[in-house]
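Quick look at what TrEMBL annotates:
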| type | residues | note |
| --- | --- | --- |
| DOMAIN | 25-68 | domain 'LysM' |
| DOMAIN | 82-125 | domain 'LysM' |
| DOMAIN | 143-186 | domain 'LysM' |
| DOMAIN | 208-268 | domain 'SH3b' |
| DOMAIN | 288-348 | domain 'SH3b' |
| SIGNAL | 1-23 | signal peptide |
Amino acid sequence: MKKKLLFSTAAFLMVAPLTSVHAETVHTVQKGETLFSVSQKYKVSVSQLMSWNNLKSNSIYTGEVLSVSNPQSNLQGITGIQTYYVKKGDTLWSIATAYKTTVQQLMSLNKMSTSTVFVGQKLVVSQTNVSPTNPTSPSTSTQIYTVKAGDTLFSISRTYNVTVNNIMSWNNLKSSALYVGQKLSLNSSSISPSTPTPEPTTPSTPSKVYATVAATSLNLRNSPNGSVITTMPQGAKVEIIQTSNGWNQVKYGSYTGWASISYLKLVVSGDGSTSTPTPITPPPTTTVSYAYVTASALNMRTSPNGSVVTILPNGAKVQVISTSGNWSNVKYGSYTGWVSSDYLSTNSGGSPANSSGKIVVLDPGHGGADAGAVNGSYYEKNLTYALATKAKQYLENMGYRVYVTRTSSGSCLPVYTLTPDLQCRVDKAKTYDADAFVSIHINAAVPGAIGTESYYNANSSYDGSMNKQPSNSKILAQTVHSYFQPQMGSTDRGVHDSSLYVLRKNTVPATLIEIGFISDYRDLNKMINNTYQNNISNGIAKGINAYFAKVN
Ligand SMILES: [Zn+2]
């Protein structure tokens, strides 16, 4: 299901977790819940929920995060919060300077994983955690910080103008190692208001902080945004030296350089001994070998020199099972038999791939905490991942370099937040210098709706941004759709212009394809079938290959 981010929802989700006052203003949909049951729980109406969440229908899915109170009135109700709407030309740095704060502070206040901002985005630029109406209450003077990926004690201490030793003392920390989600008190009153713990006079040497690479690969640069020194593989362990404005200075083997904090996952213990590296997705098997028929027609026989089973056309692609002498045992469609090896070539000859040097980023929609559309035990995130990995293998067989934006169980970022996670996918297309970006999704609606539809961004803009390569995006969407849609064999709902986030924010030709509807078994039964998955994925790969033939 596509996520068309409407401004109010996105901005609210980013600022919602700031203080405990907000704690009950969002609700994660549990299995079996309906919009009505959620409305009863929070004593609001179904229509209010639909309005606050920009819902087009009253269907919700497990894991969906809903605003359960008016986002606008909540924001205005918090004293001490000052907000700013991002204007054209702004950077997080220029905003930080204008408000006499730091990029780090703004990212922390707005729970941002990258320093990217977009026009119209609402940012909290200052926040006072002490409630002026009840200044003596101990609870209001307690400032709790939740550790996020990339944080170090040093970076937190800088943000809150305290020392590393302060934080270690207030939280009884034995080492400076942190873990994502850890709650830290950032002043002494929360621990012992009457007798503050004295600051140690002889600080112990902080132990080392480690992280693992939580992306398919991660560039190590000589400075933030500088040139690439080396590329670190997924799961690689690095030592964090310091953190600055969304970048970590890290030590990786004999290299020292800078890497984006978005793709580094902190490990729990200081010495790394109990660390659990991100599971590495096994590479697809490439043991299947293929060959192409070079003769104008080639007899397939029951055995070497046996009787003819069928005749293979020139250029036919066959799977080679085994060879014996000058004969090859091959599979072609539903036929299996023997052909003369003299008329087979591993080079496709007449039907060349257009893959020379081409890089494709495949984006399986949703992932991790975001299941996408759900029907019973079927999750969109699992179906899109299965299709993406199969398409990857078909493309690699044609010689393409292919990257997938996430692992089987994870989201794009180590810690999921909707908008930054979508930006992470867009960033990967740019980082890998991709020639095409294909986002794979499964649609959902009330049962009855079926069919396949695809999107590109060429005409419509939103929040001032549009795809940087609109005409090629349109060709990509139309070509890929024309190849995979017949394989799905459902209603053809067409190819449309859309300002979806991963399309409009992309710097490379991009399409988002909705394979079919998870909410109707006529489509779902096909999408969970292995043969259909293979044919659809092969169609996606062939469509991408045909696109490059058109634009080369
Ligand atoms: Zn989706």
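Just so you know, glycine gets a Cβ as well, placed from its N, Cα and C.
Unlike curated entries, TrEMBL annotations are predicted automatically.
For the domain 'LysM' (25-68), residue counts in helix, strand and coil come to 14 helix, 6 strand, 24 coil, using DSSP. Averaged across the domain 'LysM' (143-186), pLDDT in this predicted model comes to 76. Summarised by DSSP class, the composition of the domain 'LysM' (82-125) is 14 helix, 8 strand, 22 coil. Look at the domain 'SH3b' (288-348): DSSP puts its residues at 3 helix, 38 strand, 20 coil.
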